[in-house]
Amino acid sequence: MFVKENFNKAKQQYEKWGVSVEEAFDKLKNVAISIHCWQGDDIGGFEVNQQELSGGIDVTGNYPGKATNPEQLRADLEKALSLIPGKHKVNLHAIYAETDGEIVDRNAIEPKHFANWVKWAKQNGLGLDFNPTLFSHPKAEDGLTLSHPDKDIRDFWIDHCIQSRKIGEYFGRELGQPALTNIWIPDGYKDIPSDRLTPRMRLKDSLDEIFAANVDESLNIDAVESKLFGIGSEAYVVGSHEFYMGYAMQNNKLCLLDTGHYHPTEMVSNKISALLLFNDKLALHVSRPVRWDSDHVVILDDELREIGLEIVRNDAIDKVMIGLDFFDASINRVAAWTIGTRNMIKSLLYALLLPNDYLKKLQEEGNFTDRLALMEEFKTYPFGAVWDQYCEEMGVPVQESWLNEVKEYEKEVLIKRQ
Ligand code: RNT
Ligand code: ZN
């Protein structure tokens with residue numbers, strides 16, 4: 001392959017626009033993507049009394065080789081991470097606790113149940129993020145948790161979320177970088193509610209209780225994730241966008257925007273600049289909705305590129321905590337992680353290679369002809385040659401050569417799990 005040669009030629013074309021490729025690489029190297037562990041086992045988790053997936057989300061496909069225990073999941077993550085340039089974070093859910101065969105209910109999980117994950121993260125130079133799991137549990141069977149009319153049920157989930165924030169704090173302390181603990185709940189109704197307000201009042205009170213618990217905010221950052229609808233909550237979701245946007249702003253929490261949680265033509269890329277005027281930070285779950293919140297593997301499509309552009313040209317690399325949230329069980333799961341995460345990084349590199357200040361200036365001057373012409377021409381600049389060089393410099397496979405490694409791993413490891 002002619003990686004270096006192609007790169008040198010490509011570089012000149014970007015330099016002609018005053019873009020420093022080295023500077024782009026330096027910035028990109030410092031971006032940690034939060035890679036969701038749940039792509040590796042179809043959001044199964046390792047609870048002793050594991051429940052069927054609920055909460056109005058769904059994973060389809062039965063590709064062989066899914067991880068069935070923590071060791072396998074960590075090995076699969078290591079494989080994927082070896083194919084992805086950069087140093088990243090792994091995003092855990094409470095159901096990935098390791099309790100040594102003991103039944104520990106969700107309200108009783110503790111940092112010690114995640115000690116193996118922390119040890120592993122240290123060994124691999126990774127950060128960790130966290131999510132309480134308010135689904136796949138008997139106390140979430142009717143699709144209501146923090147907004148439940150029954151106080152005992154609400155209290156159970158409040159305790160779970162408080163414990164989760166403590167686990168985030170523990171990750172932050174142990175790993176020397178703050179953890180993001182994100183609350184997403186499935187609460188909603190299948191059919192037209194007769195009262196939209198009361199459940200939202202209860203959710204607000206529950207969140208107040210959760211965040212009243214003393215957790216060091218330099219170690220754990222709280223986020224709240226909204227949603228438009230789910231399976232079984234088509235008519236109404238308690239934690240809607242406006243609900244959490246209001247809550248986050250009033251309480252200095254992070255809004256987490258999942259790209260699958262809006263109306264089909266509503267774009268998360270368009271929300272980033274608006275929210276960052278009123279919040280210091282925000283968080284993302286980058287996913288790919290196909291006709292609904294289907295959580296397809298992230299591809300380098302227009303919206304992903306636009307998200308990368310909004311983060312980069314608004315100087316928001318340190319303000320946007322980028323996480324991924326897709327789950328596809330119809331393809332090799334290690335490949336799914338690799339494809340989605342490499343694409344997320346590509347979108348940032350693409351944005352870092354544009355003369356963003358010049359393009360902004362064109363707009364200010366009302367020169368929409370040049371703006372459109374250049375933005376379109378840059379799409380076919382030799383971006384691939386720069387990406388290949390980045391992979392080479394970062395010591396990960398160039399182009400599709402990573403796929404052979406996944407196939408080898410499938411043959412040697414994944415298939416044997418059957
Ligand atoms: C569900 C939310 C949520 C989950 C994960 C597993 O619609 O997107 O983030 O996907 O917590
Ligand atoms: Zn999400």
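The chain as shown is numbered from 1 upward.
Backbone N, Cα and C define each Cβ position, glycine as well.
Database features (TrEMBL):
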type	residues	note
BINDING	His261, Asp293, Asp295	Mn(2+) binding site
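Listed in sequence order, Ile57, Lys227, Leu228, Phe229, Gly230, Asp258, Gly260, His261, Ser287 are the same-chain residues six or more apart from Asp293 (Mn(2+) binding site) with CB atoms under 8 A from its CB.
Neighbour density for His261 (Mn(2+) binding site): within 10 A of its CB lie 25 other CB atoms from the protein chains shown.
What surrounds the Mn(2+) site, by Cβ distance within 8 Å of the Cβ centroid and not counting His261, Asp293, Asp295, is the set Ile57, Lys227, Asp258, Thr259, Gly260, His285, Ser287, Pro289, Trp292, Ser294, Asp325 from the same chain.
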